[in-house]
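According to TrEMBL:
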type	residues	note
BINDING	R42	L-glutamate binding site
BINDING	W102, T160, D184, Q207, N249, T250	pyridoxal 5'-phosphate binding site
DOMAIN	4-360	domain 'Aminotransferase class V'
MOD_RES	K208	N6-(pyridoxal phosphate)lysine
Amino acid sequence: MSRVWNFSAGPATLPEEVLKQAAEEMLDWRGKGLSVMEMSHRSPEYTEIFEHAKRGLVDLLSIPETHDVLFMQGGAVGMNAIVPMNLLRGFDAAAFVNTGSWSKKTAKEFAKYGRADVVLSNDADLGQFKAGSYVPDCGALVDSLKSKKYAYLHFCDNETIGGVEFNGQIEQIASQLAFPVVSDMSSNILSRPIDWNCHGLVYGGAQKNIGPAGVTLVVIEKRLLGRSIDHCPSAFEFATVAENGSMYNTPPTYAIYIAGLVFDWLKRKGGVAWAQAEAQRKSALLYKTIDDSQFYTSPVRPEDRSKMNVPFVLADESLNARFLSDAANRGLVQLKGHKSVGGMRASIYNAMPYEGVLALTEFMREFEKEVA
Ligand code: PMP
């Protein structure tokens, strides 16, 4: 068996140890004579698996008693509708920070439910940096939002397509806002600690740092439960899901089981502190390779570069196809940039080992030499 280095943005590479354990337990989970996939979600065996996964996440992210953890479905895109339906009672608008494709999509969907005020955006070029390739300055937000009555302020902590990651600016101002902060952390959750005093709601799809697609994570401040609008579907109502321990209806049982194994793996490695240090080490290596070369360019402002998704372009775009096929021949796959931006993108989530990034940078240097 030979596995490739998979740089997919998601569904993404998973820890090999987790896949092996899942394979071993596939037919017969711990002597019970059945697969996790075949268990009733209400059985004692599955209850143990579920509670273990939930505890794993709570431990890793130090989630306090003030917040509830919900395992839901619908993906982060589903959350673009589910969140407004759950938080809009008594409000007619929310504030949005646009930093790229995903945050834009969120604001657009919100407009079906209320007024989406884009209060800050990176839509205009900033000096040498093009629109979408930097984090806008949040310094003036506190003053400009002072007299506003918004249900919440939404931002996307890591723009998976543009490769732009926040640097804590929103957290720094959160306590001065009169309304809660909602963040999409689909592509960088578990890569850094989260200060829960600053986050009313964090959500994300699982298929990057958590596990397989199919489960959607919601961590919500308990005081925000019970703000849903009348026609919010019960299966998607946070209060109902919370009251029923994420079992109001059948949860994505197998995806949650794998997530639990991923949490165990991450704990063994050293938890979120380890993930953060690794993300720093891996992304620094890749960005240095790009910056040191005459052939590759990162379009993102250096201080706003994502540690999870690294887009880069080749000096000669006509070599893109050859770059991708030569890379694939070396077992380096899924490097093509998102269709909306082109170029290349290497996603280097927690489960991508340093060796994988090293192999990519060695290939990139050789390719540059070859075509020079
Ligand atoms: N937000 C971000 C930041 C994402 O990276 C993605 C998926 N790539 C989504 C939202 C959409 O997630 P899903 O496909 O699970 O709905």
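Note that Cβ sites are derived from N, Cα and C of the backbone, with glycine treated the same way.
Keep in mind that TrEMBL annotations are predicted by a computer and have not been checked by a curator.
Source: prediction; values computed, not measured.
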Neighbouring C-beta atoms (10 Å sphere around the C-beta of W102 (pyridoxal 5'-phosphate binding site)): 20
Cβ under 6 Å from ligand 1: qualifying binding-site residues of T160, N249, T250: T160
Proximal but sequence-remote residues of the same chain as N249 (pyridoxal 5'-phosphate binding site) (Cβ under 8 Å, at least 6 apart): A235
Rounded to the nearest Å - Cα separation of T160 (pyridoxal 5'-phosphate binding site) and the residue listed as 'N6-(pyridoxal phosphate)lysine': 10
Secondary structure at D184 (pyridoxal 5'-phosphate binding site), reduced by DSSP to three states: strand
Residue among binding-site residues R42, W102, T250 with Cα closest to the Cα of K208 (N6-(pyridoxal phosphate)lysine): W102
Which of R42, K208, the listed recorded positions, has fewest other Cβ atoms within 10 Å: R42
Neighbour-count leader, CB within 10 A, binding-site residues: T160, Q207, T250: T160
Assigned element (helix, strand, coil) containing K208 (N6-(pyridoxal phosphate)lysine), judged by DSSP: coil
Distance from R42 (L-glutamate binding site) back to Q207 (pyridoxal 5'-phosphate binding site), taken between C-alpha atoms, in Å: 25
By Cα-Cα distance, the member of binding-site residues W102, D184, T250 nearest R42 (L-glutamate binding site): T250
Site extent for pyridoxal 5'-phosphate (largest Cα pair distance over W102, T160, D184, Q207, N249, T250, Å): 30
